[in-house]
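A quick write-up on the structure given underneath.
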Amino acid sequence: MASLSAQIPLCLALMMAACLMIGINGSIDGAQREFDYFALSLQWPGTICHKTRHCCSSNACCRGSNSPTEFTIHGLWPDYNDGTWPSCCYRSQFDVKEISTLLDALEKYWPSLYCGKSSTCFSGKGLFWAHEWEKHGTCSSPVIRDEYSYFITTLNVYFKYNVTKILNEAGYVPSNSERYPLGGIVSAIENSFRATPEVICSKEAVEEIRLCFFKDFKPRNCLASKTSCPKYVSLPAYVSMGNIGI
């Protein structure tokens, strides 16, 4: 039988190995714990495109008459109830061939509104969609388990909960002169979806609206108790930049 002095280092080594397996967040193999809810983040092109100073082929703001004029998708994000979120949960490199049948829809409803490549978890610099899949999509399990499902699910939720249509029907239309009550915009969405959204502004202009969902994609209130928006906000109309600088 090994001596007591020989057993002690072995026990310490086993304890350290167990700690590494459990990880700092309490999950086996250091994996991040399962998320609590989804946030669908939508971008308002009128606000973001106003910031565009030069154009490139990857920037949807530069498509002239084909540039987006309704809320577009930023991403579907698994979040925690404590205000934090998981990211880059498992190694799954983005493969554009997996979503080849969705590319037309993604170009229209989920375009990049910036120039330059996006950072990813596992693929270096790449497409905007690669960033969203590798950072957020890989953390959507067990609800969503693969790349194609992540993108088709997000598109379907986006179509079902059409924020642009709801706001237009309530009289909140794109304008470079009008200011609308923030409370009215929030109420229009609450009345339609029975849940409170989160609104993000850049100065007085609406930049993003986030809708929150339980894991079965039924609407729930978003957590944000504060807003970056003033009491009256704008929904800037898109001003075409044509193909400048491409």
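The backbone N, Cα and C atoms fix where each Cβ goes, and this holds for glycine too.
The signal peptide annotation in TrEMBL covers 1-26.
Within the same chain, the residues at least 6 positions away from H74 (active site) whose Cβ sits under 8 Å from its Cβ are S41, L42, Q43, E132, E208, listed in sequence order. The active site feature in TrEMBL is assigned to H74 (among others).
The number of other CB atoms found within 10 A of the CB of E132 (active site), across every protein chain shown, is 23. Taken from TrEMBL, the feature active site covers E132 (among others).
Around H136 (active site), the C-beta neighbours below 8 angstroms that are at least 6 residues distant in the chain are G75, L76, W77, P78, S87. As annotated by TrEMBL, active site applies to H136 (among others).
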